Amino acid sequence: MESLSNKKKVLEQKPLSFMERMYLPAIAKGMGITISHLFKKEATIRYPEVEREFSANFRGMHSLKRDENGKERCTACGLCALSCPAEAITMIAAERKNDEKHLYREEKYAATYEINMLRCIFCGLCEEACPKEAIYLDGPIVPADYLRKDFIYGKDKLVEAPLEMKK
Amino acid sequence: MDTGFIIEKFILVAVIFGISLVVAMYSTYAERKVAAYLQDRLGPDRAGPFGILQPLADGVKMFMKEEIIPTSSNKWLFIIGPGLALLCACIGTAVIPWGSPMEIGGKMVPLQVADINVGVLYIFGVVSLGVYGVMIGGWASNNKYSLLSAIRAASQNISYEIAMGLSIIALLLMTNTLSLKTIVEQQHGLNWNVWYQPLGFLIFMVCSFAETNRAPFDLPECETELIGGYHTEYSSMKLGFYLFAEYINMFVSSAVMATLYFGGYNYPGMDSMAVWLGPTWAPLFGTAVFFAKIVFFIFFFMWVRWTIPRFRYDQLMNLGWKGLIPLAIANIIITGVVIAIIEKF
């Protein structure tokens with residue numbers, strides 16, 4: 001029956017011709033191809049020294065943002081932890097004291113904020129969930145480490161540097 | 001005179017032994033680099049500049065690893081196997097003429113450990129002994145895969161030795177000698193044997209690929225079917241010995257190919273070079289040329305490995321028995337007829 005798509009190809013199994021049975025022409029052709037690759041540019045990037053350029057929407061390490069006055073934006077509402085499919089985020093909330101007004105934007109803040117980088121799948125749902133624009137996955141690649149406990153990143157690693165330090 | 005002779009030979013043996021080990025060491029590095037560049041990668045480049053210290057790091061790793069001898073193995077044979085493989089690989093270098101005699105302090109020193117008049121036969125003997133290391137190791141491991149691999153190695157080497165020997169006979173008809181030194185001296189300048197014996201060289205080369213268990217004939221260590229092949233059960237430096245033996249074998253067979261067919265230390269314009277450089281440095285330059293040829297052949301081994309897929313076992317046997325042996329016999333007949341005609345007229 002004729003095929004409707006007209007894409008069907010009937011394979012014929014022909015016995016090898018003498019030249020094909022000699023292998024040599026095919027081998028010479030193959031060796032030519034491999035030697036040509038000797039002179040091509042290699043695709044390797046020497047990672048620690050050279051870094052690949054990422055696209056604008058690359059999701060790397062998290063950072064907890066500050067507002068224009070250098071106050072932490074996070075209010076410890078817990079929406080990021082709730083939205084996290086890998087359950088990588090935990091936090092403990094605390095109430096802002098009067099003398100801490102220059103540190104935190106709202107009356108409530110995160111006393112501890114931990115992300116387990118081994119659990120995180122870098123999906124970016126936390127930054128979508130955040131109502132205060134406090135968390136973004138705009139950092140570099142999370143570096144390797146030796147111990148599991150060292151992959152639990154606290155506020156010391158996550159919070160953005162203060163404004164004066166940035167300058 | 002006798003002590004001088006012994007010292008001279010001792011130094012020569014030590015130097016050649018050292019060089020073949022260093023060449024084997026850096027062949028492992030070169031293999032990884034060549035593979036990388038042929039596949040558009042970089043290869044090892046972390047240990048030292050361009051990764052030049054990688055073989056040392058590998059060596060340290062091999063020595064430091066835990067040594068495991070399976071309880072069900074035959075312990076002594078298990079230990080002897082890799083040693084035998086390495087020994088047989090190393091002693092092949094004894095008869096290869098590394099350069100023309102060199103003048104040191106008014107004395108002519110031949111750059112060859114032993115110029116025995118059955119040099120070619122000696123090489124063949126050593127090469128066939130080499131398979132014992134693989135066979136003993138594979139059998140002593142008491143492992144199905146190792147045993148299968150040992151059997152494969154044995155039958156492959158025996159099959160290809162026949163074609164190899166026959167391809168050499170055509171060459172010997174021309175040279176009338178088995179001494180490697182005389183064979184090299186006959187190929188003065190660019191008068192290389194490969195111009196007279198292209199088919200013989202091709203057969204010899206294919207067979208030496210098979211003898212050294214290199215791709216596309218690396219069935220004894222075919223990972224997809226036999227895990228690691230005959231060295232499945234080996235660890236630590238015993239595994240290192242097997243890998244080392246493979247690279248030394250490659251070095252020796254490259255040297256033999258260069259000696260028999262590509263003129264050894266001969267190169268075009270060597271007579272004027274000999275006048276210009278004097279009797280001490282000209283032989284050393286010839287040795288350098290010889291090593292350049294060897295390096296090219298080692299590169300060729302690697303180039304082929306990263307190009308051609310592995311043969312199936314029946315294809316291997318077909319090629320050996322139905323392809324190469326008839327071709328080698330035809331080559332002998334043609335060579336014999338041509339020599340007879342030339343001598344007649």
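Quick reminder: no glycine exception, Cβ is built from N, Cα and C everywhere.
TrEMBL has this to say about the protein:
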- A:Cys74, A:Cys77, A:Cys80, A:Cys130: [4Fe-4S] cluster 1 binding site (BINDING)
- A:Cys84, A:Cys120, A:Cys123, A:Cys126: [4Fe-4S] cluster 2 binding site (BINDING)
- A:65-94: domain '4Fe-4S ferredoxin-type' (DOMAIN)
- A:111-140: domain '4Fe-4S ferredoxin-type' (DOMAIN)
Residues close to [4Fe-4S] cluster 2 site centre defined by A:Cys84, A:Cys120, A:Cys123, A:Cys126, Cβ within 8 Å: A:Cys80, A:Ser83, A:Pro85, A:Ala86, A:Ala88, A:Ile89, A:Ile115, A:Ile121, A:Phe122, A:Gly124, A:Leu125
Chain residues in Cβ proximity to the domain '4Fe-4S ferredoxin-type' (A:65-94) (below 8 Å; excluding those fewer than six residues from its ends, i.e. six or more beyond): 102-106, 108-117, 119-121, 123, 125-136, 159-160, 162-164
Candidates A:Cys120, A:Cys123, A:Cys126 (binding-site residues) - the one closest to A:Cys80 ([4Fe-4S] cluster 1 binding site) by CA: A:Cys126
Candidates A:Cys74, A:Cys77, A:Cys130 (binding-site residues) - the one closest to A:Cys123 ([4Fe-4S] cluster 2 binding site) by CA: A:Cys130
Most Cβ neighbours inside 10 Å, all chains, among the binding-site residues A:Cys80, A:Cys130: A:Cys80
Neighbour-count leader, CB within 10 A, binding-site residues: A:Cys74, A:Cys77: A:Cys74
A:Cys120 ([4Fe-4S] cluster 2 binding site) CB neighbourhood, other CB atoms within 10 A: 22
Mapped DSSP class for A:Cys77 ([4Fe-4S] cluster 1 binding site), helix or strand or coil: coil
Mean predicted confidence [pLDDT] for the domain '4Fe-4S ferredoxin-type' (A:65-94): 90
From binding-site residues A:Cys84, A:Cys120, A:Cys126, the one whose Cα lies nearest A:Cys74 ([4Fe-4S] cluster 1 binding site): A:Cys126
Those residues of the chain, 6+ apart, with a Cβ under 8 Å from that of A:Cys126 ([4Fe-4S] cluster 2 binding site): A:His62, A:Cys80, A:Ala81, A:Ser83, A:Cys84, A:Ile89, A:Ile135, A:Leu137
Nearest-integer angstrom distance between the alpha carbons (Cα) of A:Cys130 ([4Fe-4S] cluster 1 binding site) and A:Cys120 ([4Fe-4S] cluster 2 binding site): 16
Near-site residues: [4Fe-4S] cluster 1, ref A:Cys74, A:Cys77, A:Cys80, A:Cys130, CB cutoff 8 A to centroid: A:Thr75, A:Ala76, A:Gly78, A:Leu79, A:Cys126, A:Ala129, A:Pro131, A:Lys132, A:Ala134, A:Ile135
A:Cys130 ([4Fe-4S] cluster 1 binding site): secondary structure state under DSSP, collapsed to three categories: coil
Most crowded position, judged by CB atoms within 10 A, among A:Cys84, A:Cys123 as binding-site residues: A:Cys84
